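Pulled from TrEMBL:
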type	residues	note
DOMAIN	14-149	domain 'MARVEL'
DOMAIN	154-298	domain 'MARVEL'
TRANSMEM	20-38	transmembrane segment
TRANSMEM	45-66	transmembrane segment
TRANSMEM	86-110	transmembrane segment
TRANSMEM	122-142	transmembrane segment
TRANSMEM	154-179	transmembrane segment
TRANSMEM	191-211	transmembrane segment
TRANSMEM	226-249	transmembrane segment
TRANSMEM	269-288	transmembrane segment
């Protein structure tokens, strides 16, 4: 005689719910994108490699998420599943939109010469699917985000999602810094790099603690510590937002205008401008994060 085990082995809602459908579309669009590129579209250099990494990485993790939810295997993992899926969806949204912009910018052209019409068509098709992939991940973020009055995982809240965006913007800053930005020229600009590095590391630690479900430790006031850190990050970014432009664009220390003989793609002034722009972007993100952090409470086990 067979006895009930308390529920079905398979969770059909993992593929039939709105979020499940969005994830199926993510797998479809992701597979189509990197297949078109690998088959005929082609890619090269660091930009193309980055795009291929984004599409394959996001596809693999999405397959893992759907498989775990469909088979209930996520209940065997010692992580906060709700925080993990919310964090990944936001990260995948940012990565996929970046790849959706970079690939057509560097690889798509309207003329057939010199790559041939077939290769051009494959690249255009890959670009279309890359755009659809971004919308699929954005749809999941929209569907799983915290609603007013709803008890949900921290990473699904505005403050939690902003942590992913802050870390992503910091990666853009680091990319510009290593691209001959001459940040080591002054102690003041080195201070700015220390600010970016410190805030990035602590933000990643906050995300890691949330995903691993370690936010309810009795000996560590995690919620209060995150708010205090956010206040500190705002103050640190304010200092960087003042110091970096002065030492890069003031005529006494740098150049207020782009040098005419500066090579495209290898100009320190361009990298310094990118760092300045995204410094202000991250400052705004931390200010918004601080405002929203006053209105939420952490739920570590969802």
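Here the Cβ of each residue, glycine as well, is placed from N, Cα and C on the backbone.
Sequence-distant neighbours of the transmembrane segment (122-142) (same chain, 6+ residues past either end, Cβ-Cβ under 8 Å): 19, 22-23, 25-26, 29-30, 32-33, 36-37, 39-42, 51, 55, 58, 86, 89-90, 92-93, 96-97, 99-100, 103-104, 107-108, 115, 161.
For the transmembrane segment (86-110), the most Cβ-contacting stretch among 45-66, 191-211, 226-249 is 45-66 (pairs under 8 Å). In this chain, the transmembrane segment (154-179) lies apart from the transmembrane segment (45-66): fewer than three C-beta pairs between them fall below 8 angstroms, excluding pairs fewer than 6 positions apart. Residue counts for the domain 'MARVEL' (14-149) under DSSP, helix first, then strand, then coil, are 113 helix, 0 strand, 23 coil. When Cβ-Cβ distances below 8 Å are used as the criterion, the transmembrane segment (191-211) is approached by residues 79-80, 83-84, 87, 153-155, 160, 163-164, 166-167, 170-171, 173-174, 177, 183, 222, 226, 229, 233, 236-237, 239-240, 243-244, 275, 279, 282, 286, 298, 300 of the same chain, each at least six residues removed from its ends. As a summary of secondary structure, the domain 'MARVEL' (154-298) carries 106 helix, 0 strand, 39 coil according to DSSP.
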